[in-house]
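Asks: In case it's useful when we look at the structure, here is the feature table from Swiss-Prot:
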| type | residues | note |
| --- | --- | --- |
| DOMAIN | 149-187 | domain 'F-box' |
| REPEAT | 256-295 | repeat 'WD 1' |
| REPEAT | 379-418 | repeat 'WD 4' |
| REPEAT | 419-458 | repeat 'WD 5' |
Amino acid sequence: MDPDKEDKTLELMCSLPRSVWLGCSSVAESLCALRCLQSLPSSRAHNQNMTGMESQINTDEVSPKKTTVFKLGNGSLAGSRKRPSQGSFDKEKDLCIQLFDQWSESDQVEFVEHLIARMCHYQHGHINSYLKPMLQRDFITALPARGLDHIAENILSFLDARSLCSAELVCREWQRVISDGMLWKKLIERMVRTDPLWKGLSERHQWEKYLFKNRTNEVPPNSYYHSLYPKIIQDIETIEANWRCGRHNLQRIQCRSENSKGVYCLQYDDDKIISGLRDNSIKIWDKQSLECLKVLTGHTGSVLCLQYDERVIVTGSSDSTVRVWDVSSGEVLNTLIHHNEAVLHLRFCNGLMVTCSKDRSIAVWDMASATDISLRRVLVGHRAAVNVVDFDDKYIVSASGDRTIKVWSTSTCEFVRTLNGHKRGIACLQYRDRLVVSGSSDNTIRLWDIECGACLRVLEGHEELVRCIRFDNKRIVSGAYDGKIKVWDLQAALDPRAPASTLCLRTLVEHSGRVFRLQFDEFQIISSSHDDTILIWDFLNVSSNGQSDGRSPSRTYTYVSR
């Protein structure tokens, strides 16, 4: 601004009443008001009339006939030029547009910036309302028009089911992108990859054959997957309700033989159940027909623990030995003789095996192959039989009849800490991530944080020794010498605000003897007992007459020893 003009502006500004120039919301409005006032009659005459003008402004009693007064966006008043006639305005506007079109893009932007700077807040609001929809772009529609369909599909593939339903209703082009991109199929595939429940349902209902295939001639249209998704959700809700209400179908395998007085351990997969019995044998059962496929013999004592993978079965016995068997042939591949008394529990994974014994020791083994197993370290510290072990890459966890849980480093085998709290010996535990869940002959279940050793919760409800326990992300399932299996809400148990009375979801009563071992997944529990039975509690395929009181109709399969 020219110095002389700036001085005149400041002089005029100082001569104005405060109610005029302080009422402006911005410098732009102030300057606008000043320029309008400068267009009035001479400053001397103007100054003589200022008192009257201020009175008019303060009372808002300005005659609408006076063209020298206008209202600013903030409500204050100032003078303005009279608008030219419509014809003159149109000519001037057309001339401005012609000049504007001749300028470069940068000059046009600079000119518009100058215009906006001279406007009031009220005008800014109008311009903002005009520009906002122009700045919004439908990129999902625009991308396919540029041959970038795959990018639009990839963006929409991150939506969850509810958002994907809404996206289909936006417009026909969005619906086409979702359909052509098979986004419902991709959503189901993502859930199957990340959620065990979805994976299990896909296998059991056999719609997995329509997934993970890229050829269009091998898969149904997108509408098939769109209609499949709510059916899957309905199945999941039904399964959850069955768990909470105790609705299930029951299948029973009778394992009685002349010398059998209990099924001490088991493990299962989709095809088979492998069990260890008190009669020194290992029996392999077909999971569909429930018929005994094979009997493995060799131990001279009860088979107390076992674990298998796709190649080998490893068993521990009261005869103090650990045996390694070929899954396919049933032949003994290796026999480990180390412990002085019964081998009570064992775990193996990723080339490492840990066994524990009634002799109070824990043995850590390097397992290069079924025939190449060497003792790495013996862990000593418990003052009674070590009943159970579990481990991961960080910790080995052991529990004993001495009422303690001990934590050891997996890599160095050095002692880390002791978890104290149970009032009597500990019979079972499971360890995963930071959580340890243990069951004891004090009839309680305890949840522990392994990193700090704190007891997070005590679950009470069993009437006798808690013999076996397993947990997943949702629930804890425990079996006890009272013959009962209890299902607990894990997430509620980890919440200190949850009342103790709400933690046990259901008690299942079907065994007539002590429950020795159990395993479960999203759809079923399989348990074994002193009553010589293996029970399969199915929460997926529930018949119409399935009961919700913990007992349900069952079909029985009897194995007769020859």
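Just so it is clear, glycine is given a Cβ too, placed from its N, Cα and C backbone atoms.
Mind running through what each feature is packed against?
Replies: Only residues 6 or more beyond the boundaries of the domain 'F-box' (149-187), in the same chain, are considered here, and those with a CB under 8 A from a CB of the stretch are 138-141, 143, 210-211, 219, 221-223, 225-226, 228-229, 233.
The list of residues near the repeat 'WD 1' (256-295) in space but at least 6 beyond its ends in sequence, with Cβ under 8 angstroms from a Cβ of it, reads 203, 301-308, 313, 315, 317, 319, 325, 330, 513-514, 516-517, 519, 526, 528-534, 536, 557-561.
Over the repeat 'WD 4' (379-418) the predicted model carries a mean pLDDT of 97.
DSSP places the residues of the repeat 'WD 5' (419-458) in helix, strand and coil in these numbers: 0 helix, 25 strand, 15 coil.
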